[in-house]
Ligand SMILES: Nc1ncnc2c1ncn2[C@@H]1O[C@H](COP(=O)(O)OP(=O)(O)OP(=O)(O)O)[C@@H](O)[C@H]1O
Ligand SMILES: Nc1ccn([C@H]2C[C@H](O)[C@@H](COP(=O)(O)O)O2)c(=O)n1
């Protein structure tokens, strides 16, 4: 029987640091990286660009079923393409994140995007970042983490991230409100809600540095003997 590549799942709410930590773990382990949120964002962007009503599950599902996407590794990180168009920056816009959260509530859309996500499970292994990686997409993963932090600290981190990226005016109140709204929708949807897997380590990073979070998760991974 073919050996199945090991999977490490990092789930959690928006701005909890999943993406940052998943990238660092992928670097340290040499595993592939799946940013599943990017797939939902690509689907949302395709809807917005094609004037598809994002409240219409059937219409959004038709977009999901014919999604033409590609991920390339560039010198500055992952480059994301939608129908050959580099949309690496576009998918990070707040309105695209909100639209992604809306379309992600449709069960048919989630089902249509499952195979694409599972295709990332390749040797030597995978670090998968998202909301339902440990519960639905990779329930047999050998190591599962649910990374969280208070909404207030996540808003502070996002403000700093935007300021560091050169954004002139940043409205912290609006950012906090958006984080709370997205948490609410992602946590309360009926299908694949944002909840820790029963066998996940729940790690609250509110008072932890990135290095401290990384050290704790790497220790867990080593204890599970997932590395070749
Ligand atoms: N423990 C931490 N201490 C301080 N800053 C952190 C910590 N973890 C993450 N950050 C910073 O918070 C910001 C958001 O992190 P990141 O983009 O990794 O979150 P995310 O969970 O992937 O968000 P999203 O789901 O919205 O993509 C980044 O600027 C990152 O450097
Ligand atoms: N596994 C996933 C990943 C993402 N989503 C949805 C919900 C999020 O609000 C949105 C954007 O994700 P982000 O890039 O901020 O991680 O996509 C999901 O439902 N399941």
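Cβ atoms are placed via backbone N, Cα and C, with glycine included.
Just so you know, TrEMBL annotations never went through curation; they're auto-generated.
Annotated in TrEMBL:
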| type | residues | note |
| --- | --- | --- |
| DOMAIN | 8-222 | domain 'Cytidylate kinase' |
| BINDING | 12, 13, 14, 15, 16, 17, 18, 19, 20 | ATP binding site |
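Taking all protein chains in view, 20 other C-beta atoms sit within 10 angstroms of the C-beta of residue 14 (ATP binding site). Excluding the listed site residues 12, 13, 14, 15, 16, 17, 18, 19, 20, the same chain places 21, 147, 149, 154 with Cβ atoms within 8 Å of the centre of the ATP site Cβ atoms. Taking all protein chains in view, 27 other C-beta atoms sit within 10 angstroms of the C-beta of residue 12 (ATP binding site). Predicted-model confidence for the domain 'Cytidylate kinase' (8-222) is 94, expressed as mean pLDDT. The C-beta environment of residue 16 (ATP binding site), restricted to residues of the same chain at least 6 apart in sequence and closer than 8 Å, consists of 147, 148, 149, 154, 205. Only 14, of the binding-site residues 12, 14, 16, 20, place a Cβ under 6 Å from an atom of ligand 2.
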